[in-house]
Every structure is written in C-alpha cells, then in structure tokens.
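Quick look at what TrEMBL lists:
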type    : residues                     : note
BINDING : B:Cys354, B:Cys414, B:Cys417 : [4Fe-4S] cluster binding site
Amino acid sequence: MEPISTITGKAVVLPVENIDTDQIIPARFLKVTDKSGLAAGLFEAWRYLPDGTPNPDFPLNRPEAAGATILISGRNFGCGSSREHAPWALQDYGFRAVLAPSFADIFRSNALKIGLLPVTIEQAIYDELVAMYANDPQMALTIDLAAQTVTLPDGRQVGFPIDAFSKYCLLHGVDQLGFLLNQADAIAAYEASHPQPVKTTG
Amino acid sequence: MSKPRTLFEKVWDAHLVRPETPETPAVLYIDLHLIHEVTSPQAFTELRQRGLRVRRPDKTLGTMDHSTPTTPRNHLGIIPVIDPMAISQLEQLRKNCAEFGIPLFELGDENQGIVHVIGPEQGLTQPGMTIVCGDSHTSTHGAFGALAFGIGTSEVGHVLATQCLLQRKPKTCAVRIDGRLGPGVTAKDIILALIAKYGVGGGTGYVFEYMGEAIRSLSMEERMTICNMSIEGGARAGMVAPDDTTFEYIAGRPFAPKGADFEAAVARWRTLPTDEGAVFDHELTLSASELKPMITYGTNPGMGIPIDAPVPRPEDMPDARSRAALDKALAYMGLEPGKPLLGHPVDVVFIGSCTNSRLSDLRQAAQFFRGRKVAPGVRVMVVPGSQQVKRAAEAEGLDRIFKEAGAEWREAGCSACLGMNDDKVPPGKYAVSTSNRNFEGRQGPGARTMLASPLTAAATAVTGVVTDPRTLMN
Ligand code: SF4
C-alpha cells in the first residue's frame, strides 16, 4: 500500500444520505475474481441513463468533476453489504478520500484497509461544503493525515478523528496483515490454552 | 466479585489474543470463518502472492450461494450454471478450497445453501463463539449468543492467514422488546419496526443485544430473522442470550457436541447471559404487543410503515434532508405520498433469503397458498435457504402446495435477494420480498422492492396486491 500524507484535490459532492454499497457498486459487477476494472460499475445506476449513455445530471458526469479525487457525501455513507468492492471501485475511479458526516462501520473498516481515507466531518461543515460546491464546482480541499485536518476552500481548517493504529498504517504504507502475522506466537499460545468449539473438517 | 459483564463482553474477553491499547486494536481470535464465492477470491490471491497458508482450515467452511442459479436441476440431477463469470467464480472457490484443505458445500451438495442458513443448521454456530464471514448478514449467527459480524475481503485474508482480526471494541446497546406479538405479526415485523423507529444508522458503532419477553418467546429461526437485520439498523452484530430454546435447537445437529460433551457445553453456555447489573452504553426499546405487520415503501430498510398506514408525505418530514431523501425514494418507487400501500398491485413476490428462507418461514407462507392460486400476472419465487430446508419442506409436502398454487419452487441460494444471479425483478416492477434490502436496484436494475414478512408476502402473492395477512386468517 502507498503511504498517504496529504491529499490535495478537486472535490465532487454527491448530496445523498445513506448511500449503500449496492449503489456504489451493484452486485452484478461482483462476479470478478480480481479487483481490476471495478470503476466501470461505480454508481452505475445513477451514472448512466437506461439507454446506457451517461446521465448528464449526475454530479460525477459533469465536466467540472473530471479528475476529482475527493468525494463528499451525506451521512451513513457505505451502509449495507460488506463488499470491499465498494472502496475498490471508488479507488479504481480515482478517489483517494471520502468525506461524510458519518460512515457505516464495515465500509470504514474496508476503506482504511486499502488506503481510501474515510474522513468524518461535522454535519454543519458538510452542509457548508454542499453550499460552497454549489457556487464553485471546481473547489479543492487538502487533507493532512498527520495533522488530522481538512483545509476547506475558504482556508479554514477543521479536524477529523481517526484511530491511531489505522493512521500509523496509512502514513507508513504498512498493511495490517503484516502486523497480525507478527503476532504468531501470541496466537499459538491462545490456541494452546483454548479448546476448539467446532472443527469443520469433521 | 468481578465486575458484572454483558453477553458481548464475555465473548469478547474470551477471544482476546491481545487486548486493545490506545495505539493498537485488539487481536481477536475467530472460532469459525465462513467463506463464499463472491468475497473470497481476492483474499486467496493475496495469500498466494505472499506465500502464506490457511492457518486453520479446520475452522473454515465454504459454501456457494450468491452467484449460483436457483433453477431446477436438469434430468441428470445437476443445477446448470450458464453465466461464464459465475462459473469462473465458483471454479475459483472450488480450487481455493481444494488447494488449502478447506471443506466446501458446493453447488449440488446435499448441504449447500446460504451461508447464514447452513452454519446454524449444521450445528456449527454455537453460543459464545466468534464467527465471521465476508458478508454483512453474518449478524444472523448472533441469535445463538455468538459474536458474529461481517468483514471485508482484506479481513477475510487476515482470518485465513492468522485466524485473527484487528478490532476496536464496539459499544454495547441493549434492545429491549417487551410484550407479545399478536396474530399475523412476526419476528420480521419486529425488526422492520425497530429499524423504522431508530433509522438505518441508529446502531452504528454498537453491538445490539436483543432482550425482553418478546425475544424470549421466539424460536431460534425467528431470533435469526431479527439478528440477521441488525446490520440494516447499522449494528455490525446483534446477539441474543442463549437459553433452553437455543440448546434444544443445537442438540443432535451434525457438528454439535455429543453426549457428555454436550452437557458440558450447555453448562458453559449457561454462564454467558448478561450479568445482573451489567451496564450497556445505550438502550433502545420497542413494544411487541402494539406491532402490526410492517412493510417498506422506500429505498432503505428504515423506510417502513405498519401495513395499514399511508405512505409518509414529504411535507410531514422534520427537516429538509429527510424531505429530500423521501422525495428521491418515492420518485424511484413510483409511489404517491399520503396514499396507503394496501391494495397496491405487485408483479413479483420473493420468499427467500437469509432473513426468511428457513422451514418455519416456508410453513408460514404455505398456509396462504394452500387451496389458493397465485394471482394472475404475479411471478412468485419460493427459494429455500438450503438444500436441507428444501428436503425438509418437500418431506412435508410444502413444495406441492407452492407449485399447485402456481409459485416457482427453486433450488437453494441467495436468488432474487441481490440481483447477482438470474433471479431478478424487472425494471420498474413491484416486488414484495422477504429479504432484507430494498435499496435502489438491489433486486435488479430499476426493481422496486417492498420488504415484508413471509406471511405478508404470501398473502400478497395470492391476492396480487399488497395485503394485510391478518385479513386472510380465520
Ligand atoms: S440471501 Fe441476500 S442478504 Fe443473505 S447472504 Fe445472500 S445475498 Fe446476502
């Protein structure tokens, strides 16, 4: 995983609450056995009209949104299924961070694992960003992971919370599996001292 | 005296390889890892790339359920798969399980089924265990007093390689459901009402523990229906304290402990319920006696109403954001605010999914099909949750009741729950579905889903319009 320090980029606002992972990537795109090409299915039902042409009204399809790397969306982003294909698709499309007033637990956990930064902002800041974007669809933000701040288009800085361990892993490009593998002795000790409730191999 | 603990805390504490610190999350040991074809292939790729093995294949089990067709077997007794991508995904799982020594209930196997149906039915799901799967409805297994939750594919890789997960300790929430359900009102209605009351994000960050008179009186299958939809309320896991109902359900199942081991296990399981005086971080309440059959009108599971209530009107919403959400949902659903759903025509009825595809669900549904016909123009899919459920239903003659009424009796799998296999709801069409998600396009592009209980779905199937099941009961 690539280390993340700061992310500066153009933002696009998708002002919808409770966006579920079936919207982010519908199930029919989950038949792949790798992670590539998932951007094609990102927000598929909203991005395209029934005849298959791009929906000009969908925020991601507007010309100003080209090259956006930060997605701003309503609260409870990523609810629904546990599919990691959702953050994979967002990342494959080019997003590096998602800002929302809140995230569903599994989506947040999945996003952190792959280096798509979930940034929780206050509802009032979100409302302001929606208004700013209406005036300036080219608006850019800077997210500083080390300082845990977002610099808004008007220069104000707001803080955001992140778990210390996830932050460390993202800043250093360390993946969490490596950390777990280093616990092998402790895991073996646990196994030796706890009976096994079930054995699937019969 | 040690500090009183909740059911969740006892299970959590017993699985700590390393407790959490401010710097690092807890290392949590996993007793059972269920895998399926959709969320596991990339995890096995990762393992191969790093030259890792599966640490505990004997704590892992695979099944095929999501992308599998549920079309009837052909003359050779084989369920034909025609979608080339589904074929490759199923092949991949077969190869991965064979290479890493993981037992697999593959398509056609007598034990195959939806992952959350087979764990309990095999006796693999037991009180006090930690259970994970790359699937958010893993919360189902919490009905047994297990700590069970969905994980992403990266985490599937973590568990395959180390049998552990890195987790921050979630907060606890008591969900107290008092009173008794009236006739025609089911466990599905409890959970739909709870989510309608507290919203789809209400449980974020919490593990629910369902308690109270209503929960105690429910069967295991009904408790599973409730725990299943914890995730629709935002809670990653939902639990019910084990009791005699739990132990009776487990006894005699293939993977359950036997004889003296079973007695010893029950003695251990009896120590799991939340101690007197244990403190929860939060509490939610619902009265079961006041509930009516529930149905959803919108595009998330929190948009639910009692079946005889009108569809909410945007002008009655408390703020602009909920007004906008309701406008968007009603536009997608093609529904008029202020009008009742009762009597609304439907095109498809789906009875199945890990929420409501067990034997008791099928029995409930069958009572309305018996001696009746599916309404003209309505497609009815009845999809058992597992091959075992299918055989048990057939042994009772339920399949004949469904077929004689004009419903389709299909093979086990996720089916029309997620629009990934061939079972879909056509664009713009209305479905009453016993599954758990009514998201836009969930059951197929443009599909309009109304979630309800098996009773409501069956009543609707035979009338062709949204129907209060209580009006068909004598
Ligand atoms: S039945 Fe539906 S919700 Fe359940 S595991 Fe299958 S796809 Fe997921």
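Just so it is clear, glycine is given a Cβ too, placed from its N, Cα and C backbone atoms.
Unlike curated entries, TrEMBL annotations are predicted automatically.
Residues B:Asp65, B:His66, B:Ile114, B:His137, B:Gly352, B:Ser353, B:Thr355, B:Ser357, B:Gly385, B:Gly413, B:Ser415, B:Leu418, B:Ser435, B:Asn436 surround the recorded [4Fe-4S] cluster site, their Cβ atoms falling within 8 Å of the Cβ centroid of B:Cys354, B:Cys414, B:Cys417, which are themselves excluded. In sequence order, B:Ile114, B:Val115, B:His116, B:Val117, B:His137, B:Thr140, B:Asn228, B:Gly385, B:Cys414, B:Cys417, B:Asn436 are the residues near B:Cys354 ([4Fe-4S] cluster binding site), counting only same-chain partners six or more apart with C-beta under 8 A.
Set side by side, the binding-site residues B:Cys414, B:Cys417 differ in how many other CB atoms lie within 10 angstroms of their CB, and the most is found at B:Cys414.
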